[in-house]
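J.: Please read through the structure below; I'll follow up with questions.
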Amino acid sequence: MNKIFKVIWNPATGNYTVTSETAKSRGKKSGRSKLLISALVAGGMLSSFGALANAGNDNGQGVDYGSGSAGDGWVAIGKGAKANTFMNTSGSSTAVGYDAIAEGQYSSAIGSKTHAIGGASMAFGVSAISEGDRSIALGASSYSLGQYSMALGRYSKALGKLSIAMGDSSKAEGANAIALGNATKATEIMSIALGDTANASKAYSMALGASSVASEENAIAIGAETEAAENATAIGNNAKAKGTNSMAMGFGSLADKVNTIALGNGSQALADNAIAIGQGNKADGVDAIALGNGSQSRGLNTIALGTASNATGDKSLALGSNSSANGINSVALGADSIADLDNTVSVGNSSLKRKIVNVKNGAIKSDSYDAINGSQLYAISDSVAKRLGGGAAVDVDDGTVTAPTYNLKNGSKNNVGAALAVLDENTLQWDQTKGKYSAAHGTSSPTASVITDVADGTISASSKDAVNGSQLKATNDDVEANTANIATNTSNIATNTANIATNTTNITNLTDSVGDLQADALLWNETKKAFSAAHGQDTTSKITNVKDADLTADSTDAVNGSQLKTTNDAVATNTTNIANNTSNIATNTTNISNLTETVTNLGEDALKWDKDNGVFTAAHGTETTSKITNVKDGDLTTGSTDAVNGSQLKTTNDAVATNTTNIATNTTNISNLTETVTNLGEDALKWDKDNGVFTAAHGNNTASKITNILDGTVTATSSDAINGSQLYDLSSNIATYFGGNASVNTDGVFTGPTYKIGETNYYNVGDALAAINSSFSTSLGDALLWDATAGKFSAKHGTNGDASVITDVADGEISDSSSDAVNGSQLHGVSSYVVDALGGGAEVNADGTITAPTYTIANADYDNVGDALNAIDTTLDDALLWDADAGENGAFSAAHGKDKTASVITNVANGAISAASSDAINGSQLYTTNKYIADALGGDAEVNADGTITAPTYTIANAEYNNVGDALDALDDNALLWDETANGGAGAYNASHDGKASIITNVANGSISEDSTDAVNGSQLNATNMMIEQNTQIINQLAGNTDATYIQENGAGINYVRTNDDGLAFNDASAQGVGATAIGYNSVAKGDSSVAIGQGSYSDVDTGIALGSSSVSSRVIAKGSRDTSITENGVVIGYDTTDGELLGALSIGDDGKYRQIINVADGSEAHDAVTVRQLQNAIGAVATTPTKYFHANSTEEDSLAVGTDSLAMGAKTIVNGDKGIGIGYGAYVDANALNGIAIGSNAQVIHVNSIAIGNGSTTTRGAQTNYTAYNMDAPQNSVGEFSVGSADGQRQITNVAAGSADTDAVNVGQLKVTDAQVSQNTQSITNLDNRVTNLDSRVTNIENGIGDIVTTGSTKYFKTNTDGVDASAQGKDSVAIGSGSIAAADNSVALGTGSVATEENTISVGSSTNQRRITNVAAGKNATDAVNVAQLKSSEAGGVRYDTKADGSIDYSNITLGGGNGGTTRISNVSAGVNNNDVVNYAQLKQSVQETKQYTDQRMVEMDNKLSKTESKLSGGIASAMAMTGLPQAYTPGASMASIGGGTYNGESAVALGVSMVSANGRWVYKLQGSTNSQGEYSAALGAGIQW
């Protein structure tokens, strides 16, 4: 049955005691202690009957960490426990456990030394700390710093907002970070680390798996020992994504570089942008892709697709299992294919071949590299036939091209070469060797021929026209007319000579420029009304082998180079605008010879007279030197007045001598020219007036070859002649196309093909094909069969007989014995060759046909060779042809038209100009020659539009002369001449004029040197005189007073510098060092850049200065530094000479010899010298303010800092201990007091790590180990002692802030709170019910006893009967009654023998070993009355008891309320529970539910936000997936597609871009996709597939 009881406080035992329900009790009053007692009572009611409520000491306290009065909702249980009271119950906190502190609002600190700082935070476990608002720290030494953070596990730390750290030593440092597992770390925002020692150290990083590492932002590492870099993803054990933006998926996969992807176990992507997908594959090159198990792509931009595929060459592609692309830019297609060579495509290997079928028509153009099929080759053959013209066609039976027929005036020809050979004989041809047209004519031994009827060519600087004989005759007449009056103008002759030399060189060089004759006729240009020598790509060309033309007034013959060379040579030796004098070259030669002699005689002495200025001008004469000697080369320009020296004149004379020789040669050449022109006509290309064409007939031959024809341009607009080699090449190409040993002989004869079918030979394609048809007539199935109707093999196939392509045809052998089929690429090559041969803009079309050429003949267009050749034959009317009647031997005639009038030959290239040249000369050459002559003459001579030269004008002494002779005569009168009698017979130039001395002006500055013999002019002499005058003044200024008396009195020297050496032996100063300066008697500056000033001064170190007599600078300043220090011997001044460049020392004395530096201004900069005044002021300042904020004023003994790293401040202060500090008068730190600090006058520290502060303070015990501290059960340790006084004098420590931590000092305010609490507790204890139990009976007994004592002890009502010891009342107001009774405590009562009262305000009726009953106690009524047993029994009757077991013993584990009848019972006035096993009241439950609801609501809101964000991100991801799913892809084989797509889902949107490609055979499909969504996230996908 149940026992009824109740729990009351027992002050004697200091705990709650179970008693009868009838027992009376008084409440324990202290702040919230009533609630606490109620809780304990409730807890007692829930515990077994008779147990003591010993859950812990009730030493907790409420603390208001804010301001104002305390609330009443706090709970603090445990010694040192503290709970913040706050202002109201809603903010109260709970602290349960030893030194537990619940500081934050709503906070809970449960466990020893737990500390809940944040609002609504929870700290569970030894030393757990929850500092962040609403944070949770669960586990020993766990720590939650961030707001809403959770730290679960020993030493776990959640430092960031909303962070979670779960696991031993786990650490979530960033906001929203999660660290789950032993020693995991999530360092920055949004980072996640899951697994033993996982580490996510950067923002948004994720490390999932044991020892996984996500070391950079946005890194994801999933799997044991994975690693991921910035924006990288590593999935799979030991997967490593080390490159930025890389991805590694699969066991041991490695993405080592930027933007790499490695997917598959052991896959490796080792270079930037590389992709490796498959088992054990490797992408080792930049931008490489390896797809397939064991595949490898090692080169730049390589792709390896397929098992064990290998792409090693840069930009190579290996597609198919075991395929290998080793060459650069190579492609290996198909399994086992090998591409070893650069820039190749392989579809097999040396033993495995594949066909390429279904080839579409390839583009056929100059830059096309498409494959060609059979139909295209046939189309090209047909096109060739059409372009050949002349009736050529494709044989419908055998596909060959029939020979063309070209009908020419000289017969029909069946190939282009033969037709061109006929045309070659009588046209003016290009000499390819000489690079010009050749007028040579004849077949066996062609000779030079005259070109007649040449119209006057334009004569200008830009003219390329041929000039005729009459034009050259006019030029020669001008030369003859200008010959007589050649004068002796030295300067002009010098210029003329130089130009002649240049002209001669140019003429000589022109001889070597003769080229080969081009294979084109010289044709009439209707637009320009002249023959045009344009050739090939050049607009102008030379005409060579031109026979000397007839040089008469009415001649229209073309002149050759030798004729013009003769003329030019004559012109070169004569000057222009010479008065009409001589009629023949012989006279000219005589005059030039006379001129040479005159110039030679005049040149020796010709210093010329300037009559306007009345002076000689210094133009120099000949080669010898005189008084005006070694004259520097004068400026040889038009305006120059410089004198010329002998070497310059020598050059001129040599040139004149050369001119004389050239003139004689030219005379001969001109004479020979007439004869040559007379004999020119024999070999010219003649005009056949009967047939209206130029004819190549020569001599007795009716037909002659025109050789040396350069390859003519073969285009639609070309009118070039075609030579034999071109025709031979064309025939050879056609023969090559025929095959069957078809060939072209060296004479152009075409040998037909021979085709062997079986054992029979066939000599044309038709018969050969017919034989082939017979051999296949019995073939069946899919064979290529002969179509008898069509007369050819038919590629028709299938029931409908559709035309089919014959594909995969390998390159057929091209040789005279080959019978291989050729493929499209070969046909394209043939077509290209044919197009090149045809020229005329012919092109190979995309379908293999050839676009017809266009040949322009006489401004008409022709689209085939036959028509073009016919046109050329017809247009020979406009060709430059051979005229057999011209001259004695015939000549090419430029006569044209019905009346055969002379015509201009235009576009004539520059002919060679030499003695042996027979080239035609064009107008520009003649103009150039005349221009050279005009330039050589000077005097503003110019070439007129008709080729003549205007006369020059020479101004000499202000008179004008129009020819060289008159000019030289004018010079002779006024020249500065050589006087052989002057200079004592040694000879000299004489400047006298008209017998009077004259000035020589315009003399250039002569060279002034020791070996110069140049004349100097007035300006130079004036400058010298001025310099002498200046130097005289400077010398006077420097020397000062040079009077002997002055020097004797003041010393020798210069202005302002004097030395008096009277009585001293001469001993000069010595500056021995480089850059050194020594001033003063016997001064020595030995060091480089050193200075010694003063008698006997000496400086022997570099840059040193010895200033003053006998001063010595010999010490080198070394770089170094030291600190200022204080020793027992005084202060050691520090220095630092390392902060700049060190120069030599300045010495003003010597060792043992000193000087004062007086009158020194106060220094102002860091390195200025200071004066005594400054030093005195500084010392004074040190005495008063030695250091800012530090002052000392004492005359006592100095301080001593003896210990290492010690500090001593204050008079007589001594610090002997290492690292000690002593501050104040007489402060002392003992040598044994390591780290001791003594602050204050006579403060002493004699213990390690101890501190004494204040006057006379002394440490007494120092550090202690395992000492017994007051009110502490466990032994304690200290590191040192802090003393603020001594045994003889103590100090108050005032203004102490309230302590909060376990080891903080507490102030009186805190102690008062404690005292108040103690007072309340004392009062409560005094009034407790259990202290007055049975008190009435006890008092009655006491009264009776007192009465007995009196009665027996002379007091009526008080008697004693004892011989024991006296009672002792020791406490104030105490009472001791009975033998040996002791009332030790204040206000205590010891009643009865041996009774002991040791507690204040108590009554004791016994001792701890001898107790007494208090009987006959009346029932208590008041709150402080004692209760008797009857009352207790009555109280117990309504109390709650523990249940009993079957054996009758108490069942402490069960309590049944309500009598066990099935009803319920309400327990009212239940105090709030504080311990784990305490019952909670409705208020606590309601508050807990509210807080749980609030926390749950908050977390749900947060979770909802996270879910909302997650939902948004997921929706964005789904939208991205939808956008990428919606991307269309290429589907046609060989096609590629770039696509864009969009997607939206649940309010989020995304856009995607994609690129896809289908392989040429349609089997492989590649896709690369990327997307971005409205959440700002990016995604990418890569795929490849094969279909069959």
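Every residue gets a Cβ built from N, Cα and C, even glycine.
Keep in mind that this is a model prediction, so the values were computed, not measured.
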J.: Under Swiss-Prot, the annotation transmembrane segment belongs to which of these stretches: 181-191, 742-752, 1446-1456, 1534-1544?
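T.: Matching range for transmembrane segment: 1534-1544.
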J.: Which residue range, 261-271, 415-425, 1548-1558, is the one Swiss-Prot calls transmembrane segment?
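T.: Of the candidate stretches, Swiss-Prot labels 1548-1558 as transmembrane segment.
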J.: So which range, 629-635, 636-642, 811-817, 1567-1573, gets flagged transmembrane segment in Swiss-Prot?
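T.: That would be 1567-1573, per the transmembrane segment entry in Swiss-Prot.
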J.: Looking at 905-916, 1517-1528, 1577-1588, which one is transmembrane segment according to Swiss-Prot?
T.: 1577-1588
J.: Tally of helix, strand and coil residues over the region 'Translocator domain' (1500-1588) according to DSSP?
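T.: Once the DSSP states are binned, the region 'Translocator domain' (1500-1588) shows 26 helix, 40 strand, 23 coil.
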J.: What else in the chain is close to the transmembrane segment (1577-1588), if you only count residues 6 or more beyond its ends and a Cβ gap under 8 Å?
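T.: For the transmembrane segment (1577-1588), the sequence-distant neighbours (Cβ-Cβ under 8 Å, at least 6 residues beyond its ends) are 261, 275, 277, 291, 305, 1513, 1516-1517, 1520, 1524, 1562-1571.
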J.: Using Cβ atoms and a strict cutoff of less than 8 Å, what residues sit near the transmembrane segment (1548-1558) while being 6 or more residues removed from its termini?
T.: 1512, 1515-1516, 1518-1520, 1522-1524, 1526-1527, 1529-1542, 1564-1575
J.: Looking only at the region 'Translocator domain' (1500-1588), report the model's average pLDDT.
T.: 87
J.: Given a Cβ distance threshold of under 8 angstroms, which distant residues of the chain, six or more beyond its ends, lie next to the transmembrane segment (1567-1573)?
T.: 1516-1517, 1519-1520, 1523-1524, 1527, 1529, 1548-1556, 1579-1584
